[in-house]
Structures are given as C-alpha cells and as structure tokens.
Amino acid sequence: MNLRKELSRFLTIRQSISPRMKLLLAEEERNGAFVANRFRYVIGGVLAASAVANIPNMHDILGYFVNFIALAFYFLNTFVHAYLLKCDHKFWREKYEYISLFFDNFLVFITMWNWYLLQGGGNPNFNLKTPLLFYYFLPLALSLFQFRIRLVAFSFFCFLVSYFVFLGYAIALNSKTGTVWFSYVLSDELILSDAIVSKPLVYLVVTLSLSYGIYRTIVMLKRLADSEAQKTSLARYFSPDLVEEITSQPDIIPSGQRQKVTVLFSDIRGFTQLSESMDPAVLSVFLNDYRKGMTRAIFNYGGTLDKFIGDAVMATFGTPLPAKLQGLDSKNAVLSAKEMFIELDRFNSERISRGESPIEIGIGIHCGEVFAGNIGSEERMEYTVIGDTVNTASRIESACKELGAKLLISEEVWEDAGRPDDFERTRPVALAGKEKRVELFSLRKAVS
C-alpha cells in the first residue's frame, strides 16, 4: 500500500464522491445522529445504574451531587440534541454535534475533578490513574455513528486537552513519581513516561482506528455507488451477463483495437410520415416501447446496443470481445434479428388492439473488421465501432426496400453463420459507395 497516496485519499475522500452520494451520505449522517441520540439514553441508563451501584461507596453528601448532577446535565444535553435533530435549524443542528461532544467530554472532566477533590487525598496523580478515564471513550464511540471523521478527531482533541490539564496539574504540584510498576499500579506513584506517552497513545490508536473505519466505509460505499452507476450505464448497451463480466473485470474492454465484428442495423419503414402524424409525447412513448423489445432481442443473444438513431437501431455482436467459437457472433446476430421480428409482432398486436396500424422494419447484417474502442472527448466518451463494415451493414439494411425483404445478410455473414438454409440468394444489388453489385441473402419466410 502506498502510504502517501492512501493518506491523500483519506484527507480528500469526501471531495471525490459525487454530489448525489454526498446527499445520500448527509442523509445517513443525520440518521446516524438520531441513532447516536437514542444510544445516549442507553448509555445514560448504564451510567445511572453505575451511580446507584456506587451509593454505598459515597462517604460524603457531595458524592451524590457529583454523580447525579452530572447525570442530569448529561440527559439535558441529550434532550437538547434530540430537539435540534427534529428541527430544521441546519446550522445549529450541525454545530451542536460539536457542542454536544464538548459538553460530554467536559462532564467527564468535571466529574473526575470533583472526585479528585472528594476522594483523591490531595494526590494529583489520582486523575491520571483513575478508571474514570475510560469514560472518555463514550463520546468517542458516539461520534462513530455519523460517519464523520471530524467528530471523532474533535472528541479525541477534547480528551487530549482534559488529560494534559490533569498531567500538567500533577507536574506543577511535583506529584510523586517513580519507575517501579508495582508501585505505579498499587500505590500513589506515577511513572511519568507512561503517563505522557502510553495512555494518549492508546486513545490515539482507537481514534485512528475509528477514523480509518469510517474512511473505509465511505470508500466501500463510493465503490458500490460507482459500480452500480457503471452497471446502470453499461446495461443500456450490453447484455446483463456481459455487464457483470465487465464490472468484475474492468480491463475486459480494450482501449481500442481492430477486430472482427458482426454489425446489425434495423429501421422502421415509413417512420418519417408516421412521426409527422404523432404528438411528440406520443412519439416518445412509441419509440420507448419499440426500443424495449428490440433491445431485449439483442441482449438475449449477447449483442451490444451501439446506439439508437431516431427509429434506427445499431447493434454489434462480438464486442467488446469476439466469441470463442468461429461464426458464433454472426449466428447470434441472425438469431437476434429473427427474435426482433417476434418482438415486433408483439408490439404490433398491442397497437392493433388499440386501433393503431402495425409497423414494419427492415434489418441488414454484415460482418468484417472494424475499429472498436472508446471514442470521443474526455467529457463525452462512448464505446463504439467504426469502419467500412458498419457503413456496409447500414446500406444492406437500406437495400431491404429495393428488394422487398425484411431481413438481409451479406454473403460474409451467410458463410460465417454456417450457411443457414432458411436464406436464399438475391439478385445482385448496388450498394451506395460500392463499385460492384453484390448478392445478398434474404430470409425465405417471415418469422411468425
């Protein structure tokens, strides 16, 4: 692990997340504040039980006041915090998180100081050795609920100030020190090096652990959010199985390479006239419903939805990686085209049931070498294929009108797909941009 890089990420993690995730995280922080506030009642109950359990040990009326007044102020702080969480005072709600933590730490400090005055016997080492120091962990733990490293750090800072006030006071009064652990543990002596280093270091380790835990949680949430966003984006173009493969192996998509691909184009017949007679809102619904069926047919055979161009659909088979079996991409393209007609029949049945006229489509398929990869600017990058193969596939689809065919494939696709016997050779036809006429293959019988 690169420590410097990890530290940089640690300090800037919130700046690197998306605005939407910031909103979600802010919402979870507020939910965490509610949870922390409820948990404060649990802690308050434990503290009250502890105070009651120690009643026999209180040899002075002031002992009762110290514990129970501290509890009263603790619950007052809890009630104020709960009130502000339910209000819309965002400024005070956020600021009071720090005020509340300061108040909790201050209560521990005052309680310890009072017990020193009551039970410390005039030995300032009392505050550095008392088990009450562990109570500083409570505000530290409460700050964890809100996924905010600053709250954890602030609570640790409050502890440090309190602790070093106790330590400075002990040193100023020339408290009894030594180097024998037995005396340190069981008498009133203090090992100064341990007091200066060990206890603050333990709290520092806990603070860093909590902070890093919050950081790793945010990183995990960011990765999950990025992964889901990537899946959502990829799902528009790739089949579900391929989306899972791409997200689990990001390097599967090459940056750009020449490869053999089968390209499919489809187009709605008479779409211009049809669209002119439709209200824009109705046209939008029409295209969305139509595209759903076509996309489903493409994805069912492992195709990639390259783009929609109005009513036209461009799909590729063999991207981002070609099939391992020779000719499988062309076979899948042909099978996908046939299923597109099945989807079209379903779409038309719904239109007819509403008293609307059915539509017809033409499909052209060609295979060959293309350049496949991410193309565009940094602001607008898309994975696509370019090359003469793409242009030829589009022109084959246009030839459907001239030949009166619904599905046309090139001879290259026919050979690559294993010479399917439900296609027949057409008469030679001229394709735009091609000097020689070419023979295509037309589906003999419409899919029913």
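Any Cβ shown, glycine's included, is placed from N, Cα and C.
Now, the feature entries from TrEMBL:
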{"type": "TRANSMEM", "residues": "39-55", "note": "transmembrane segment"}
{"type": "TRANSMEM", "residues": "61-84", "note": "transmembrane segment"}
{"type": "TRANSMEM", "residues": "96-116", "note": "transmembrane segment"}
{"type": "TRANSMEM", "residues": "128-145", "note": "transmembrane segment"}
{"type": "TRANSMEM", "residues": "152-171", "note": "transmembrane segment"}
{"type": "TRANSMEM", "residues": "191-215", "note": "transmembrane segment"}
{"type": "DOMAIN", "residues": "262-397", "note": "domain 'Guanylate cyclase'"}
- Task: Helix, strand, coil: count each for the residues of the domain 'Guanylate cyclase' (262-397), based on DSSP.
- Result: 62 helix, 41 strand, 33 coil
- When counting C-beta pairs under 8 angstroms to the transmembrane segment (39-55), the leading stretch of 96-116, 128-145, 152-171 is 128-145
- Message: If we skip the immediate neighbours and take only residues 6+ beyond the ends of the transmembrane segment (96-116), which ones have a Cβ under 8 Å from one of its Cβ atoms?
- Response: 33, 62-63, 66-67, 70, 73-74, 77, 80-81, 84, 124, 126-127, 130, 132-133, 135-136, 138-139, 142-143, 146, 148, 151, 154-155, 158-159, 162, 165-166
- Within the predicted model, mean pLDDT of the domain 'Guanylate cyclase' (262-397): 89
